[in-house]
Each structure stands twice: as C-alpha cells, then as structure tokens.
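Novice: Starting off with a structure, shown below.
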Ligand SMILES: CC(=O)N[C@@H]([C@@H](O)[C@H](O)[C@H](O)CO)[C@@H](O)CC(=O)C(=O)O
C-alpha cells in the first residue's frame, strides 16, 4: 500500500508519484472520492489520438470530449483500454493521457475510468496510484497475459495488490479472455471478492459467455455490483439478463443510436430495441468480415467525427483506403450518417 502522501506538499506528492504536469492548471490530488452517480449506460472505450508520426496527440482530447457529450450523448469513458492501445503505450504516455482525459472531462463527463492493467505488478500499481492522484472515477485491470494467473486465487492476488494502491477508487475487473487468454470464470472470481478488494465495484465483461455473465448477475444482484458488457454487437442480449450498461469501441460513433436502443429496452419496446441492435450488428458484421480492430475503429472514428485520430501503433497498421471507403458506404447505406453529417457541417462549416 502506498503510504505517507498526506504529509507532503502538492509538488512533493507529484514528484513522489512520478506525475507529469503538462499545463499550468493543476489537477486535484484526491484523498477520497466524492460520492458519484452509479456507473451505468454507455461508456466509450476511447481511441488514443496520435500524430501522423505516431506520437500521442493530446491536443484533440478536448474536442473529442465535446464530441462524445454533444453528438453521441455519451458521458462516460474508458481510457487506455484495448481500443485506446493501452498495452502499446509507455507508462509515461498512459499517465499523460489519463491526466488529459481527466482534465478535459472535468464538469463535462460523469465517469472517467482509467485502465491500469499492465504485464508487471509494479507497472500496474504505479498507474493505479497515478489514477487515484489525478481524481479518476474508477480504475480497471485486465489479467496479466504473458505470465498468466492459472487460478482464481492467483488472479485475485494480483488484482488485490493493484487495487490496494488506490484504496478510495472504485475498482473494476476487465474480463477480456479473447485477448488475454485468461479464462477464469468471473462467477468464480466474484465469490467473496469484496473481502479481498473492498473497493470492488464491478466487471467490464468483454466475452460472449453469457451464461457466466448471467450467473454473476444472478448471484451478485444484491451486492450492487455493476456489470458492463463489452461485445457491442450482442449488447441487447446482455441487457436482457441484467447488464447495467456497456463499454465499447462503437459508442464513440454509434453512441446516439445505441442510447436509443437502451431507451427502447427500458420502455419494454423490444421490437424497436432489436431494430437498433440489428443495425449496429449489420455494420459490425460487414466490417468484421473486412478485418476489424483498433486500427479500423480509429479510421471510422476519424471520418465520422472529423477529429483526426491518426494511425495506430505498431504492430497494428493503418486501415486501408479500401476499408475506409467500404465502411463509409455501409454507414451511409444504413443511414447512420444523418446525425454525423450535421456534425461535419458544424465542425467543418461546410
Ligand atoms: C476486442 C475488442 O476490441 N472489444 C471491444 C468491443 O467494443 C468491440 O470493438 C466491438 O464489440 C466490435 O466487435 C471492447 O470490448 C474493448 C474495450 O471496451 C476497450 O477498448 O477496452
């Protein structure tokens, strides 16, 4: 546990934590979290904007926040996750990004969740302390996936050691077995988790095993845990079994449409909810066949929002012009572009 910060001045705390202050305006050091709204609804898994030569581009984050809030009606973000290429960034870059998202999100966003998972425990702990210090509304951690935990107890021990570095910050487990290869069932992990991790708040569940998710919800409904689903094309099914919301890449540019699906679902209009799910499903089914991942998400987000997101970082490579043209045409065909074109007019003045 990181101790002794309370006796240090602001500057000393920052030095101790290895923080970077990028602008004159300083971020608050939070010793405890103010009570916040429960995390629910849509959470955009943000992409990390980069310059054409591959450096992180902090200069467009303000515009990005405004776009999410005003054009997609999305007020929660998940930073430095899969879509944000978190594991392809240096620790310093991850801190810079976290700081900028928290700074720009202040008074505009409801929740800024920082993904602090890393392959090494000290790396993850450093990021957790940093997220706490800058006032993040939550932290999330994936299972380490080079040396993998092989049992619930091993995974829990790792998560506990990270969570305890940010003892006042809500903690989320980020379950994404297709990428980590760690297939420990969440149902099993959650059994008794509060005793080990008092800050435990919920799960970002990026897997298609809906039986596991259903068991988690069924057994932990009374605990007030939050279950956020992470397979966007199947969100409606997760809502039906009780998911509280979703974290995903498509909410960057299909947030408004997906919000309509959530609304239809809440009003028990299943036929309408399905219509929205089928529309996003049709788009994703189309692009997945072309080859769809973080690089393609960056390209789609660039042409939809008008904000240059830049290339991905190696080993990922830029989406092809052919992909971009086809994805654009498909969105047009599905009439997703109605609201997007208005945004283009406002942003570009054309
Ligand atoms: C494997 C992957 O990238 N999954 C995405 C989904 O949003 C995904 O892009 C979408 O369902 C399309 O397949 C998210 O679960 C990832 C995510 O939330 C994150 O960036 O941390």
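Keep in mind that glycine also has a Cβ here, set from the backbone N, Cα and C atoms.
TrEMBL annotations: computationally assigned, not manually curated.
So TrEMBL lists these for the protein:
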{"type": "ACT_SITE", "residues": "174", "note": "active site, proton donor/acceptor"}
{"type": "ACT_SITE", "residues": "204", "note": "active site, schiff-base intermediate with substrate"}
{"type": "BINDING", "residues": "83, 247", "note": "pyruvate binding site"}
Novice: State the Cα to Cα distance, in Å, between residue 174 (active site, proton donor/acceptor) and the residue listed as 'active site, schiff-base intermediate with substrate', rounded to an integer.
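Specialist: Given the Cα positions, residue 174 (active site, proton donor/acceptor) is 5 Å from the residue listed as 'active site, schiff-base intermediate with substrate'.
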Novice: Report the same-chain neighbours of residue 204 (active site, schiff-base intermediate with substrate): residues 6+ apart in sequence with Cβ closer than 8 Å to its Cβ, ordered by sequence.
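Specialist: The list for residue 204 (active site, schiff-base intermediate with substrate) reads 78, 140, 172, 173, 174, 175, 176, 228, 230, 247, given in order along the sequence.
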Novice: Taking the Cβ of residue 83 (pyruvate binding site) as the centre, count every other Cβ atom within 10 Å, in any protein chain shown.
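Specialist: I count 25 other Cβ atoms within 10 Å of it.
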Novice: For residue 83 (pyruvate binding site), which DSSP three-state class applies?
Specialist: coil
Novice: Other than its own, how many Cβ atoms are within 10 Å of the Cβ belonging to residue 247 (pyruvate binding site)?
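Specialist: By my count, 28.
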